[in-house]
Structure formats: C-alpha cells, structure tokens
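Q: Heads up, here are the entries from TrEMBL:
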type: COMPBIAS; residues: 423-442; note: compositional bias 'Low complexity'
type: DOMAIN; residues: 32-412; note: domain 'Major facilitator superfamily (MFS) profile'
type: REGION; residues: 1-24; note: region 'Disordered'
type: REGION; residues: 413-448; note: region 'Disordered'
type: TRANSMEM; residues: 33-54; note: transmembrane segment
type: TRANSMEM; residues: 60-78; note: transmembrane segment
type: TRANSMEM; residues: 99-117; note: transmembrane segment
type: TRANSMEM; residues: 123-147; note: transmembrane segment
type: TRANSMEM; residues: 159-181; note: transmembrane segment
type: TRANSMEM; residues: 187-205; note: transmembrane segment
type: TRANSMEM; residues: 268-288; note: transmembrane segment
type: TRANSMEM; residues: 300-317; note: transmembrane segment
type: TRANSMEM; residues: 387-407; note: transmembrane segment
C-alpha cells in the first residue's frame, strides 16, 4: 500500500510536521517495522531475564564488584570493536541476513554462558555475544531509518524501543524467580528466546524486497566525517553515550549489587527495581515519540536528559525501598522521554535514501563506549568511596549530554530549509535526494 512507502515525501517544516503527525496513524508504518517490533519484544524478554542474574553469576566465581561489572563492559566492548565492520556488512549485504545472523550469534553466546565453569569462560562467552548484538542492532536501526515515513520516525523508534521495554518489564521479575532455582537457568532461557526471535525475523522478512541490497546500488554514501560536521549528530552521540553508561551499563552492573550488598535486600528485589525502571520507560515512549514528531526532537531530549540525570543520581542515595523504586521510576521516565527523539534525530540526519550504515554504526558505538566505561569507573568509585558518588557520576554524564544538546539545532524539518537556502548549483546536485525527505547532511554528504 502506498502509505507504507511514504519515506519519499519532502520533509515538513516543524509547524507542518505537527499537523501532519497529528493526522497520521501507525497503520502507515510498513509491515517490516512491525516485524522488527515483534522480534525486539522476544529478544527483550530474554535480555530482561538475564539482567538480575548476570552480576550475581559473575561474583559466584569469587571476583569483586569491578570484575563483575566488567562482564557487562566486555559485551559492549565486542560490540564496539565489531561495529565498523557491522556497518559495512549492512551496506554490502543488506539488513536481513545481518539481522537474523546477529540474533543467532547472541543466542549461541548466551547458551554457552550457561555452561561456563570459570569467570574467564563467562567473560569470553559473554563478550563474543557482542558481535552478534551489534549486527542485530545496526541492521534493525538501518531498517527503521529507511522504512519509517519522516513524519512518523520518532513514533516508529518509540514503538521499537517499547517492544524492548515491555519484554524488559516482565523479564527481570521472571529472572529474579529463576535465580532461586539456578543462576545458569536464565541464560538458557535467554538463548531459547533468541532462537525464536531469529526464526520469526527470518520467516517474516524472507520475501521482503524493501531491504534488497540491489535496490541500494545507486544510493549515495553518507560518510561519518560528513555527519560529524553536524552539531546535532555530535550531540546525539553524547546522548547515546549517556544512555549506554546508564541504562545498558550501570543499571545492569551496579544496581543489583547495590540492592543486595548495600541495602541488604533480596535478589528478587533486584528484578522489581529493574522492572520499575523499564515500566517508567515504556509508559512514556509512545507519547514521547508523538510529541517528538509534532513538537520537535530537541524539547524531548532536553527534558528527558534532565529527568534521567536526577533519577540516576538519586538511586545511589536510596535508604528505603520506596526511595529506590521512586528513583528507578524517575530514571526510566527520563530515559523514555529522550530515546525516541534521539533515534529520530539521527534518522533525520541520515535520511531514508543515503547509505548510512557506518554513520548508524558510529551512533551505536557511542552507546557501547558508555556501556564499557560506565560499569568499571562507577564500580571503582563504589569500591573506593561508596555507591552514592558512583550514581552521582552517572547523573553528571547525562547533564553533560543535556548541555551539548542545549546548543545544538533542531533536526525536525531542518533539511527542507537548508535545501531552500542552498545556492542553485548545489540544489541541482541535491535534487535526487531532495524528494527523500531527509532532514540532515545526508544529501550534502552525498553531493560531497
């Protein structure tokens, strides 16, 4: 149906975007995006099951907090190392094979973790899963950028993130219960969930032609160096770094240890706290995406980063269960407010017609760097001082990202204004991409 291929429309001005977004329905989203949403939900359930078990499983091999936290960083480290290659693979072979193969690799890694007999085996098995994870993530993000209509980009990103969080809400609670039977059982369950997600992705995307690499042969390349000229892209990298540090790093590596060791609570409470964070996140993702499509990306980024900073810092000073759960909820809400806008801003910059695999991979790498640095640095502070300074540092990282976005321009609708302001000569060279609805330097990068 033509509505699902509407990524070729001209990018609207912010005022026009608000009107168009308010009249749009999610039925305009291509079928392939709903496949990504379904697959993301399955992956997230398994991911949530493992979250409360991972640091405790690591410490069962008689290692300290920092070593246990590095298990989380090792996964992100391999994602970071393999991200450039993953971006090139997406550009060369398309999203579908990388998407399916990536999920399968993470499934094999998780299954191997269940049978680890030492800390170093767990570290290696978990780290290898990062290779598959970056293949899956970059491929899914590339499909979202290409297939989502410009006026629905934030909502498409929000739905995809919501699918992860709905799984994450139930996953940690189930994982906390499974820990009572065995610390290894969650990893086996995670592996099975990933195999199911890989099959669903392969089965439902096998006849799709939208991601056919032959159709991309004439598409222009957007270079990372070109994207880095855009202050909004640089701000997006820093915001994603903050998200990786907080949501993918410190939240998984330190919160379980803080709850059990510092607060003296049970492992089951770890699952509850992680689920509350995910619930706050999921509750605002879809309305935040709607607002980002109608009011702009920047307002949601600024408000979300501010709330996330306060919530993250407050966790480290929890002295009761209500305080802990309240701070977790606040942090989740903040993260949910800026996540759709952040992804949509990068999609605006790349545009639907450019080959942006390396640019998207670099964006993902920024989160991985945060995931790598956050747990060991915050863990070292927790060991040397206390958990309070560790979580305070986490909040400060979000504040730095907020300041960066404060001085960066809005991306919604910006491309059409930039094209009208270009000289006539450059307008002709951008003519082939003007109709793509891209709202960033993708067209300028292609012309370069």
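Placed from the backbone N, Cα and C atoms, the Cβ positions cover glycine too.
Note that TrEMBL annotation is computational and uncurated.
Describe the structural context of each listed feature in the structure shown, including burial, neighbouring residues and relevant distances.
A: Long-range contacts of the transmembrane segment (33-54) within the same chain, counting only residues at least 6 positions beyond its ends with a Cβ under 8 Å from a Cβ of the stretch, are 71-72, 99, 103, 110, 126, 136, 140, 143-144, 147-148, 156, 159-160, 162-172, 174-176, 178-179, 183, 186-187, 189-194, 196-197, 200-201, 204-205, 252-253, 256, 267, 270-271, 274-275, 278.
Long-range neighbours of the transmembrane segment (99-117) within the same chain, counting only residues 6 or more positions beyond its ends whose Cβ lies under 8 Å from a Cβ of the stretch, are 39, 43, 46, 50, 86, 125-126, 128-129, 131-137, 139-140, 143, 184-185, 187-188, 190-195, 197-198, 201-202, 205.
Tertiary neighbourhood of the transmembrane segment (123-147): same-chain residues 4, 7, 29-30, 32-33, 36, 39-40, 43, 54, 70-71, 74-83, 86-87, 89-90, 95-96, 98-99, 101-110, 112-113, 116, 153, 156-157, 160, 210-211, 343, 346-347, 350-352, 356-357, 360-361, 363-364, 368, selected by CB-CB distance under 8 Å and a gap of 6+ residues from either end.
Among residues of the same chain six or more beyond the transmembrane segment (187-205), those with a C-beta under 8 A of the stretch's C-beta atoms are 32, 35, 38-39, 42-43, 45-47, 49-50, 53, 57, 96, 99-100, 103-104, 106-108, 110-111, 113-114, 174, 178, 211.
The list of residues near the transmembrane segment (268-288) in space but at least 6 beyond its ends in sequence, with Cβ under 8 angstroms from a Cβ of it, reads 48, 51-52, 154-155, 158-159, 161-162, 165-166, 168-177, 179-180, 251-252, 255-256, 259-260, 300, 304, 321, 324-325, 328-333, 335-341.
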Q: Taking a Cβ cut-off under 8 Å, which residues six or more beyond the ends of the transmembrane segment (159-181) line up next to it in the same chain?
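A: Distant Cβ neighbours of the transmembrane segment (159-181) are 26, 29, 33, 36-38, 40-53, 56, 140, 144, 189, 267-272, 274-275, 278-279, 281-282, 285-286, 289, 336, 339-340, 343.
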Q: Checking distant contacts: for the transmembrane segment (387-407), what same-chain residues at least six beyond its ends satisfy Cβ-Cβ under 8 A?
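A: Same-chain contacts beyond the ends: 231, 234-235, 238-239, 241-242, 245-246, 250, 254, 258, 262, 298, 301-302, 305-306, 308-317, 334, 370, 374, 377-379, 381.
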Q: What residues elsewhere in the chain lie close to the transmembrane segment (300-317), defined as a C-beta under 8 angstroms and at least 6 residues from its ends?
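A: For the transmembrane segment (300-317), the far contacts come to 154, 235, 239, 242, 246, 250, 255, 258, 288, 291-292, 323-324, 326-342, 345, 386-392, 394-396, 398-399, 401-402, 405-406.
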Q: If we skip the immediate neighbours and take only residues 6+ beyond the ends of the transmembrane segment (60-78), which ones have a Cβ under 8 Å from one of its Cβ atoms?
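A: Non-local partners: 54, 118-119, 122-123, 126-131, 133-134, 183, 244, 248-249, 252-254, 257, 261, 367-369, 371-376, 378-380, 382-383.
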